[in-house]
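The annotation domain 'AB hydrolase-1' is assigned in TrEMBL to A:51-257. What TrEMBL records for A:S157 is active site, nucleophile. Taken from TrEMBL, the feature substrate binding site applies to A:R227, A:D357. Per TrEMBL, the feature active site maps to A:D323, A:H356. The annotation site 'Important for acyl-CoA specificity' is assigned in TrEMBL to A:R325.
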Amino acid sequence: MPAVFPADSVGLVSPQRLAFQQPLALACGRQLDSYELVIETYGQLNSQASNAVLICHALSGHHHAAGYHSVDERKPGWWDSCIGPGKPIDTNKFFVVSLNNLGGCNGSTGPSSLNPATGKPYGADFPVITVEDWVNSQARLADHLGIHQWAAVVGGSLGGMQALQWSISYPERLRHCVCIASAPKLSAQNIAFNEVARQAILSDPDYHEGRFQELGTIPKRGLMLARMVGHITYLSDDAMGEKFGRERKSATHNYDLHSVEFQVESYLRYQGEEFSGRFDANTYLLMTKALDYFDPAAAHEGDLARTLSVAQADFCVLSFTTDWRFSPARSQEIVNALMAAKKNVCYLDIDAPQGHDAFLLPIPRYLQAFSAYMQRIEV
Amino acid sequence: MRADLEIIQHWIPAGSRVLDLGCGNGELLAWLREHKQVSGYGLEIDPDNIAHCIERGVNVIQQDLDQGLGNFASDSFDVVVMTQALQAVHYPDRILDEMLRVGKTCIITFPNFGHWRCRWYLASKGRMPVSDFLPYTWYNTPNIHFCTFKDFEALCHQRQLRVLDRLAVDRQHRHSTASRLWPNLLGEIGIYRISRV
């Protein structure tokens with residue numbers, strides 16, 4: 001618990017809940033008649049509304065990106081390393097908007113919300129949401145906040161996909177697009193990892209075809225397994241080696257088939273356990289589907305340069321050397337397409353041992369480049 | 001502006017698209033954008049240099065020149081520039097081919113190993129030349145492919161490339177009648193503009 005918040009923290013923050021009554025048409029053909037989004041904002045919107053930055057979250061993210069909800073909160077928001085006074089997304093300069101995406105499980109309308117038509121939780125009946133749908137809902141959010149054009153749309157991983165989609169769907173509504181540790185589409189290997197995670201959930205007897213909430217259960221084992229698999233792919237071999245090596249909980253082998261012996265097992269179980277207690281299984285399925293479906297170039301026979309030719313924003317693309325879930329080569333595909341489309345783009349592949357998770361960490365080279373880019377943005 | 005860049009900028013037409021290989025802190029591209037409405041990209045591998053480029057709003061791409069330029073389409077730039085990097089790449093001949101595939105003209109600068117001081121150092125001491133200008137010893141130098149003006153022009157000839165302009169300058173990038181007459185002996189740095197025939 002921080003007795004006093006650090007000087008470079010946005011400090012105490014509280015979420016707001018916004019209701020949208022206009023129906024939102026979705027890529028799947030269905031629509032949401034009304035929905036709610038939970039957001040947080042940091043900093044002040046200037047009089048021309050020209051200093052707004054949208055933060056798009058990744059698979060398990062949410063609106064609480066920076067600061068603390070209370071003095072008792074153990075850890076700050078998920079991207080506190082990059083958002084705050086003097087940090088790359090400097091709240092002295094920018095008005096930062098962070099939301100929980102539709103289909104999420106942290107307050108915005110999603111599978112665990114009550115379906116107004118039935119009075120029961122949506123569960124697996126909640127429509128599948130795509131990255132395009134998220135961007136459309138975020139555009140409505142911008143309208144609601146009186147923001148015609150974002151100074152920047154910023155995101156890592158699945159969030160980077162949303163930032164990229166913004167530059168395609170609403171080219172005139174953002175001046176800068178910051179796409180970190182992301183990809184223009186998932187590879188077969190990536191979809192395969194998602195499928196393992198989904199099968200873990202779907203095959204859990206407590207999943208009950210997505211109606212577990214009505215029945216008062218949670219597919220805890222499935223969620224835990226999904227998170228364990230995911231977590232392995234977010235770390236590099238070196239990062240895991242550094243953190244756990246072959247360290248054991250006891251000096252000797254137990255010679256049984258069931259006990260937790262290596263520290264890495266214990267860590268993964270803890271991560272899975274913690275995650276399964278706070279995350280909704282249907283949201284996890286939905287988020288992985290949104291990842292799998294994302295492929296903006298598909299509309300142009302796979303030609304990403306042609307897809308991005310409509311973009312008007314300047315781009316900053318960042319990747320991390322040891323990230324194998326969203327490898328530097330995937331970021332370079334985006335960069336090459338942007339250069340072929342003659343767009344302004346900066347690209348840096350940051351030498352970091354932490355794997356995909358690096359985008360959340362305060363790595364000096366990363367913060368330096370990220371800050372340099374954000375500082376040059378005129379507001 | 002760095003003296004060699006000042007010379008080079010005269011050879012770059014206003015409004016052209018430029019690819020700068022090993023763009024350093026982005027000085028040339030920033031200047032060209034300001035004064036000559038030039039657009040394009042700089043390739044660089046040093047993180048501090050990249051951060052400088054980002055600060056001044058230069059389009060900088062982290063890319064190792066030894067990986068080639070396969071990610072750029074043929075004829076996609078008017079001018080491809082490479083200053084003081086030819087001697088540091090693994091395959092100078094291949095990068096030259098690549099530069100001329102991607103760009104219509106190329107501007108290249110490199111140190112001349114045929115300069116009299118290098119010759120004198122080697123002749124009198126029998127050891128690899130070390131100077132303020134080329135301060136490395138043979139085992140730790142990033143400059144792994146030194147050549148003389150004659151060597152470079154022989155390569156251009158072999159590859160059937162046309163030398164459009166050539167300037168032999170000293171380390172302050174001054175040139176004189178003498179260095180024009182005996183470039184391979186008196187020029188410390190070569191600045192070449194070449195194209196395909």
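Every residue, even glycine, has its Cβ placed from backbone N, Cα and C.
Heads up, TrEMBL stuff is auto-annotated, nobody curated it.
Because the structure is a prediction, the values reported are computed rather than measured.
Between the CA atoms of A:D357 (substrate binding site) and A:D323 (active site) there is a gap of 8 Å, rounded to the nearest whole number. Around the Cβ of A:R227 (substrate binding site), 22 further Cβ atoms fall within 10 Å across all displayed protein chains. Long-range Cβ proximity for A:S157 (active site, nucleophile), meaning a same-chain Cβ under 8 A and a gap of 6 or more residues, is found for A:A58, A:L59, A:I180, A:A181, A:S182, A:F326, A:H356, A:F359.
If you draw a 10 Å sphere around the CB of A:R325 (site 'Important for acyl-CoA specificity'), it holds 22 other CB atoms from the protein chains shown.
Secondary structure from DSSP puts A:R325 (site 'Important for acyl-CoA specificity') in coil.
Residue environment of A:D323 (active site) contains 27 other Cβ atoms, counted within 10 Å of its Cβ in all protein chains. Minimal Cβ crowding within 10 Å, among the recorded positions A:H356, A:D357, is found at A:D357.
Taking the Cα atom of each, A:R227 (substrate binding site) and A:R325 (site 'Important for acyl-CoA specificity') are about 14 angstrom apart.
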